[in-house]
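Trainee: Okay, these came from TrEMBL:
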type: ACT_SITE; residues: B:T188; note: active site, nucleophile
type: BINDING; residues: B:R216, B:I217, B:G218, B:D219, B:T238, B:G239, B:K240, B:G241; note: substrate binding site
Amino acid sequence: MGAWAIAVHGGAGVDPNLPKERQEEAKRLLTHCLDIGISALRSNLPAIDVVELVVRELETDPLFNSGRGSALTDNGTVEMEASIMDGPKRRCGAVSGLSTVKNPVSLARLVMDKSPHSYLAFSGAEDFAKKQGVELVDNEYFITEDNVGMLKLAKEANSILFDYRIPTIGTCGAGAAAMESPLQMNGLPISVYAPETVGCVVVDKEGRCAAATSTGGLVNKMTGRIGDSPLIGSGTYACDLCGVSCTGEGEAIIRSTLAREVGAVMEYKGLNLPEAVDFVIKNRLDEGKAGLIAVSKNGEVACGFNTTGMFRGCATEDGFMEVGVW
Amino acid sequence: MGWAIALHGGAGDIPHSLPPDRRLPREAGLRHCLDVGIAALKAHKHPLDVVELVVRELENYPHFNAGKGSVLTSSGTVEMEASIMDGKSKKCGAVSSLSTVVNAVSLARLVMEKTPHIYLGFHGAEAFAREQGVETADPSYFITPENIERLKQAQDANRVQIDYTQPVQKEAKDAAATIPNGDSQIGTVGCVAVDSEGNLASATSTGGLVNKMAGRIGDSPIIGAGTYANHLCAVSATGKGEAMIRGTVARDVAAVMEFKGLSLKEAAAYVIDQVPPGNAGLVAVSSTGEIATVFNTTGMFRACASEDGYSEVAIWDSPLK
């Protein structure tokens, strides 16, 4: 019997000037989610249940961009997506275009377990949700003041923002922020960009890996826009060898099929997990910026990112635990 | 090393007893689309243009499951999806849940080139289509009597099909006896091409599974599953979407070439072998002009050609005629 390991993330690409209290808030939430996952693992819950549990927690908390607290579309609404994958047999489920489902990751799980398909979207997904009796709420439930503010800024700047703006001290506008920092994510100054997507990867004592990812997507995105998070092989992947969840520039992640890549180099090149993560981040992103968390069936955990920072936490059965931003 | 092209009209348990009135139009369609692709390559069109052009032809052809002739959802409607990818830049575009767009593959290309996004679905994709002024039609345009019959059969059997059962009345029982799970599977169209400079591209388009749940998305619009292209090869896959998604089939062909040093043909065979029998097929070309067409189903409607004069149209193992 092997050892368990777990990692969580709240998004990659962090403003170096992010106020300390926001960093602490994020770390507290990540720690809390890790604790939930660790308890579940100690109770012998299988990896697939643990990732769902943890991502539900991240969706429910409005701090990160998923579920409640999701970034808004150009119409001011929320459209959420998620995917989940179970390493053994590589079963998977994904959803997109959700507007009333309280926990998208759980609907993705139901697609995997209770439907003949792997991926459901928009009104079809919402109908399925009703039939399955999952908790549904009004779209307003997901919308937070922070995100309403960010959408306004994005429209003024007439560009896509990855996420919501971290409210900074003072009254600097997007323009001023642009001049302050040369760092960019997805064409935006890092001080305006904030990371999006949440995810969790787990390997349990039986060596089973699982992964799940959930997001509201890009602020000011076109309605109907689908990102990497619900795409198996891009934002999420799990197989016998590993479980991976990615975050960052959606286009870069899709073009490089980033999550699958980690598994592929392990499988076809024989790299171990840390080597695979390192290889993929260094060689597969080209000019794109992204990060990922991963676990292997051997109880290893690794994360990598070529962005400035990624909200993340990880823990292993031997007592190791770490939460970080940089 | 010259240009090469391969296209497909879907893999599945296409019975050898397929009656002429179903086989001949498809053969003709494959030949026609191959000719269109060859002419474009000879005219030095970029592979991205070539695959879009060929897939548009396949979509317009009512005998294949894409565009006009798409299979129907459980509600009797059509929901089309497609994706396209350029090997050199790895830029890609995808669309899902379209109901009025005549050529899904072209809308996918516009998503790639005219938006900051990769993938649009549903109302947003339809709205984008109107903004771009692409050709749209009433949803009824896409529906064919064949597909209405298929849906009825699937619903009677209370089953989701990869494609269609032979709607051949008196031979239905015979056909069912020879086909493993009673289904004949033809779903998806696609095209891959490489020019003499090694530029690669791939595109895939489909109406999906007969009797699918509304909103169900398959592998065709998923980069890495149904479509993939990089500097090594271009791949378009077909089969049971759910199996292609979990197997990241299109992506794996290139990965296996790169990491295991296999040739295109070996890589394609290796990957298809990993998918449960009866579920998958693909066409692929490499940067050096090789062609691979592999399937673990009874057959796959396909055609391919290369600059050295080779050309082939086939359904089952051996080329036709």
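Numbering starts at 1 and runs along the chain as displayed.
Heads up, the Cβ atoms here are built off N, Cα and C, so glycines get one too.
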Trainee: Can you tell me the CA-to-CA distance separating B:G239 (substrate binding site) and B:T188 (active site, nucleophile), as a whole number of Å?
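Mentor: Answer for this pair: 8 Å between alpha carbons.
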Trainee: Sorry to bug you, but what's the C-alpha spacing from the residue listed as 'active site, nucleophile' to B:T238 (substrate binding site), rounded to the closest Å?
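Mentor: So the Cα of the residue listed as 'active site, nucleophile' lies 6 Å away from that of B:T238 (substrate binding site).
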Trainee: Let me know the most crowded of the binding-site residues, choosing from B:R216, B:K240 and counting other Cβ atoms within 10 Å.
Mentor: B:R216
Trainee: Return only the integer: C-alpha distance in Å from the residue listed as 'active site, nucleophile' to B:G241 (substrate binding site).
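Mentor: So the Cα of B:G241 (substrate binding site) lies 10 Å away from that of the residue listed as 'active site, nucleophile'.
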Trainee: Under DSSP, is B:G241 (substrate binding site) helix, strand or coil?
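Mentor: Looking at the DSSP assignment, B:G241 (substrate binding site) belongs to a helix.
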Trainee: Specify the count of other C-beta atoms within 10 Å of the C-beta of B:G241 (substrate binding site).
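Mentor: Other Cβ atoms within 10 Å of B:G241 (substrate binding site): 30.
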Trainee: Chain A sits near which of the binding-site residues B:R216, B:T238, B:G239, B:K240, counting only a Cβ gap under 8 Å?
Mentor: B:R216
Trainee: In DSSP terms, helix, strand or coil for B:T188 (active site, nucleophile)?
Mentor: coil
Trainee: Under DSSP, is B:R216 (substrate binding site) part of a helix or a strand, or is it coil?
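Mentor: Looking at the DSSP assignment, B:R216 (substrate binding site) belongs to a strand.
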